[in-house]
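Positions annotated as substrate binding site by Swiss-Prot: Arg26, Gln27, Ala28, Gly29, Arg30, Asp75, Tyr150, Ser205, His318. Residues or ranges marked as site 'Transition state stabilizer' by Swiss-Prot on the basis of sequence analysis: Asp75.
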Amino acid sequence: MDLVNDLILRAARGEPTPRPPVWFMRQAGRYQKAYRKLRERYTLPEIVQNPEVCAEVTLLPVKALGVDAAILFADITTPLYGMGVDLSLVENKGPVIHNPVRDEKGVEALRPLVPEEAVPFVLETIRILKRELPVPLIGFAGAPFTLASYLVEGGPSRRFLRVKALMYGEEALWHRLMEKLTEAMARYLRAQAEAGADLLQVFDSWVGALSPADYRRYVKPHMERLFQSLRPVGVPVIHFGVGTMGLLEDMKEAGGDVLGLDHHTPLPWARALLGATPVQGNLDPAVLLAPKGVIRREVQRILKENGGKSGHIFNLGHGIVPETPEENVRYVVELIQEVAA
């Protein structure tokens, strides 16, 4: 289907738009009644590996909310299966790695990712969506550090002690792990763009655990290589992290056309720091649990803080939480659409 709404593509290029485009991280998920009904029939991996069902889930928020972009429904760990990682997605916990990568043997056991063989269902989902979507489709992948944190820790972590111990104690091995993950995610993202994704987002959800000095030494060179490898595909790339206020300058230098801001980052400060670089964000997801008067106030605050500057994509500072009322998400879209009314 031809796009009837390219607002997000224009905003990602820093071009003027009549209003900010709006979409939400985790806009397809457990807060939706229709999604919960599907989950009664399918597990998360079953949805992701069934292109027709996965496309249906991806389309849910486009139809129900009127957002300006769809994001492919998947998990950031999805491509790791194709690298030989034994993992399970545990409800209310997240990915659990049954063969953690903590030594040279574990790193060398990671297979090169061949997307067409390892995740053909992801690429077929994209092709289905491109026939049906009136808005741009965002493909995505986890950033190397965030994926490494899962692989080394064995699952979600609060303190990242194992991953930091490897990083500090075995630097050469750390860089070998990051090189493998960087190459794999570059292939995965390029394959998504070639299948039809209009934009890409790189999620570095846990990189805020690092200091700026550690980011520059242990992560930034790999992110630079990742973004350089994506330039030939010619689609805008969003670079997002959580807790990254102290890393924004380095993240900008590492690459990406748009920088995603979490809700702890003051928007006026970030726009001054980043200059002409487009930004995405940054409503606190918890605001969506509040009364509509509070939601309106906070949405208007963010719009005012942006000051009408080009290159702003309205989003949350992290993903929608499952407890969120659907009508509150729809209300945010209506508030943004009022800007152009």
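Each residue, glycine too, has its Cβ placed from N, Cα and C.
Secondary structure at Arg30 (substrate binding site), as computed by DSSP, is coil. When other Cβ atoms within 10 Å of the Cβ of Asp75 (site 'Transition state stabilizer') are tallied across all protein chains shown, the result is 16. Comment: substrate site residues Arg26, Gln27, Ala28, Gly29, Arg30, Asp75, Tyr150, Ser205, His318; largest CA to CA distance 23 Å, whole number.
Tyr150 (substrate binding site) falls within a helix when secondary structure is assigned with DSSP. Separating the Cα atoms of Tyr150 (substrate binding site) and Asp75 (site 'Transition state stabilizer') is a whole-number distance of 13 Å. If you measure from the Cα atom of Arg30 (substrate binding site) to that of Asp75 (site 'Transition state stabilizer'), you get 14 Å. Burial estimate for the binding-site residues (Arg26, Arg30, His318): highest at His318, by number of other CB atoms within 10 Å.
Sequence-distant neighbours of Ala28 (substrate binding site): residues of the same chain at least 6 apart with a C-beta under 8 Å from its C-beta are Tyr35, Val57, Thr58, Leu60, Pro61, Ile71, Phe73. Around the Cβ of Tyr150 (substrate binding site), a 10 Å sphere holds 26 further Cβ atoms from the protein chains shown. Geometry remark: Arg26 (substrate binding site) versus Asp75 (site 'Transition state stabilizer'), CA distance 10 Å.
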